[in-house]
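Chemist: According to Swiss-Prot, the feature domain 'MPN' maps to 6-139, an assignment based on sequence analysis. According to Swiss-Prot, the feature active site, proton donor/acceptor maps to GLU31, an assignment based on a curator's inference. Among the features that Swiss-Prot reports, motif 'JAMM motif' is placed at 88-101. Residues or ranges marked as Zn(2+) binding site by Swiss-Prot: HIS88, HIS90, ASP101. Taken from Swiss-Prot, the feature site 'Transition state stabilizer' applies to SER98, supported by a curator's inference.
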Amino acid sequence: MTSSRLSLAADARDSILSHAREGAAGDPPAEVCGVLAGDSDARTVTAAHPVSNVAAEPRVAYELDPEETVSILEAIESAGDDAVGFYHSHPESDPVPSATDRERASWPGYVYLICSPDGRMTAHEWTGDEFRELSVAVE
């Protein structure tokens with residue numbers, strides 16, 4: 001992946017934000033997460049697939065449920081699409097990579113989209129050493 005831009009389908013954006021708002025409305029608020037599907041070469045996201053957050057501290061961290069993630073990745077591949085990356089929310093902080101996000105990032109070349117319940121979102125490619133910010137275009 002070489003583009004510095006992520007194209008995000010409006011339906012996928014709406015799904016991600018709805019999921020983030022559900023997590024933020026919890027008591028206590030919790031980060032939500034999921035898998036982004038589409039065309040990895042074009043860096044285009046056409047669908048967002050929610051995955052349960054199984055982190056020990058879901059208010060400040062996320063961990064994709066491994067079994068759900070494998071099932072979703074298989075379904076994406078079966079549909080002829082690619083896993084473009086992952087999304088998660090920051091219900092009580094800005095949508096930028098946290099120290100925890102940096103420590104736990106483990107998929108070089110994939111997109112990590114972070115959103116807040118107020119609709120702000122950022123996207124970053126994990127290089128294996130750092131996050132490289134991407135512009136986000138909703139289409």
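Just so it is clear, glycine is given a Cβ too, placed from its N, Cα and C backbone atoms.
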Chemist: With a 10 Å radius around each C-beta, find which of these recorded positions (GLU31, ASP101) has the fewest other C-beta atoms nearby.
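Modeler: Relative to the other recorded positions in GLU31, ASP101, ASP101 has the fewest Cβ atoms within 10 Å.
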Chemist: Listed recorded positions are HIS88, HIS90, SER98, ASP101; which of them have CA atoms within 10 A of the CA of GLU31 (active site, proton donor/acceptor)?
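Modeler: Taking HIS88, HIS90, SER98, ASP101 one by one, the ones whose Cα falls within 10 Å of GLU31 (active site, proton donor/acceptor) are HIS88, HIS90.
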Chemist: What other residues of this chain sit with their CB within 8 A of the center of the CB atoms of HIS88, HIS90, ASP101, the recorded Zn(2+) site?
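Modeler: Here the non-site neighbours turn out to be GLU31, ALA61, TYR62, SER89, PRO95, PRO97, SER98, THR100, TYR112, ILE114.
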Chemist: Identify, among the recorded positions HIS88, HIS90, SER98, the residue whose Cβ has the fewest other Cβ atoms within 10 Å in this structure.
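Modeler: With the recorded positions HIS88, HIS90, SER98, fewest surrounding Cβ atoms within 10 Å: SER98.
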Chemist: Roughly how many angstrom lie between the C-alpha atoms of HIS88 (Zn(2+) binding site) and SER98 (site 'Transition state stabilizer')?
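Modeler: Taking the Cα atoms only, HIS88 (Zn(2+) binding site) lies 12 Å from SER98 (site 'Transition state stabilizer').
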Chemist: Specify the secondary structure state of HIS90 (Zn(2+) binding site) as given by DSSP, simplified to three classes.
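Modeler: DSSP call for HIS90 (Zn(2+) binding site): coil, neither helix nor strand.
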Chemist: Based on DSSP, name the secondary structure state of ASP101 (Zn(2+) binding site): helix, strand or coil.
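Modeler: ASP101 (Zn(2+) binding site) sits in a helix per DSSP.
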Chemist: Under DSSP, the domain 'MPN' (6-139) has how many residues in helix, strand and coil?
Modeler: 34 helix, 47 strand, 53 coil
